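Since the structure comes first, as structure tokens, the remarks are kept for the end.
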Amino acid sequence: MSNRVIIFDTTLRDGEQALAASLSVKEKLQIAMALERLGVDVMEVGFPVSSPGDFESVQTIARTIKNSRVCALSRALEKDIDAAAQALSVADQFRIHTFISTSTIHVESKLKRSFDQVLEMAVGAVKYARRFTDDVEFSCEDAGRTPIDNLCRMVEAAILVGARTINIPDTVGYTVPSEFGTIIQTLFNRVPNIDQAVISVHCHDDLGLSVANSITAVQHGARQIECTINGIGERAGNCSLEEIAMILATRKGMLGLETGINAKEIHRTSNLVSQLCNMPVQANKAIVGANAFTHSSGIHQDGMLKAQNTYEIMTPESIGLNRNNLNMTSRSGRHVIKHRMEEMGYSEHDYNMDALYEEFLKLADKKGQVFDYDLEALAFMEAQAEEDNHYQLQQLVVQSDSTEGVATATVRIEVGGEIKTEAATGNGPVDAAYNAIARATDRRIDIISYKLGAKGVGQNALGQVDITAVYHEQNFHGVGLATDVVEASARALVHVMNLTCRADKVADYKQSMQKNRELGGV
């Protein structure tokens, strides 16, 4: 048996079913091209019979993708298979994936048929699909709850009439790993022609076991795993592609299995799917979460600085990230601060370590996480724990035109002790406020992240806006709190403006320090 596990991605079919709004054809094509770069073997890109839009997107992707096999879903109905075949016919290589329910509850309650009738429908569907391609996959929907005798009969019959891949889905995420492994093992033991097909699994995450069940399945002989980027999908989601890929890579010595995934594309692909699908990745998500390679504990940070593998079983570089993160918090030791200053290009002769660390702890206790620009200010601006308020928002007035969608904002800002009033228009109230603030401060920054949340509950809740902005190729993080979301957004921007102003002062000080060095060396 081959040790190669086929990765079947269904982000654009099962994954899209979880979205509040459908992706455009252009967005689906972007994701498909990212999946091709990632190296998925098969990508299931839609359900052509379901709508003209889905048909068009499947056809567009099938025409474009060359290095992955493109697949479309169909029920065990000739009209579905016809639509799939027509949409896929422009592809260099394609697969038709047809399915029917096999569990007792589905057969009796949903299909209102006998199992023998369902078996006949499945056989007919596979035969019909084989008219269009040799690559036919058949799925036993709700296999996890199907009586094993019936499941064996269905699998044997589908293989006999030409299915080259047999998918065993845990459709409702019901099974546990030992149970699911037994199902796969029983199929290998009892289905006489099982060597003529690849056994696939498609596990849902209702009980949080989709990845564990999929890994157990390949340990028992399955050689295709169906999954999605970031685990998106119906209800609690699907098996996560990035987790499967990195488990098989990280534990190759124990599992003896491999994939064709280009792991260095994982982070990039995860971000793209998250942005286009408007589904943020939770911070503690395995592999691709913001905290996956972040260390805050002083003990862990100390170990990481001595040897990276003390607390990391894989490197951030392996998934396409530049480096891990050592969060600078009140739990960080002196060695972490010294290490970070060295990474920014400073030697111990440039600053007073004792004074810096003392001020660092004060600031960390106050604000939680300390950033590079905070550290530089503490080191070179004489214990400046309090942030400069060169800019202070005095008043914000916004007017919106509901018919045109254009808003006008007027701001009054104190700039270095001088009051300035400016007005600007924008595409909505937040955009207008930002344009007015930029005009008043004459400071241009690029906002790359905007997050809206709440602090507190009920009537006492405040809107909290967190933004990340780029200024002179450095990221700055601003926070704004207010009862009004637009005002909170404006305060977050002014916060960033003050941080960039302080950064300019630090840069001037560093330049002066460098000149003094040069003069001293003459």
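Including glycine, each Cβ sits where the backbone N, Cα and C put it.
The Mn(2+) binding site annotation in Swiss-Prot covers D14, H202, H204, N238 and is backed by sequence analysis. For H202 (Mn(2+) binding site), the Cβ neighbour count at a 10 Å cut-off comes to 29, with all displayed protein chains included.
Taken from Swiss-Prot, the feature domain 'Pyruvate carboxyltransferase' applies to 5-267, supported by sequence analysis.
Per Swiss-Prot, region 'Regulatory domain' is recorded for 392-522.
Per-site Cβ counts within 10 Å over the binding-site residues D14, H204, N238 peak at N238. The Mn(2+) site is defined by D14, H202, H204, N238, and by the 8 Å test on Cβ atoms against their centroid, the other residues of the chain that qualify are T10, P169, T171, C203, D205, S210, E226, C227, T228, G233, E234, G237, C239.
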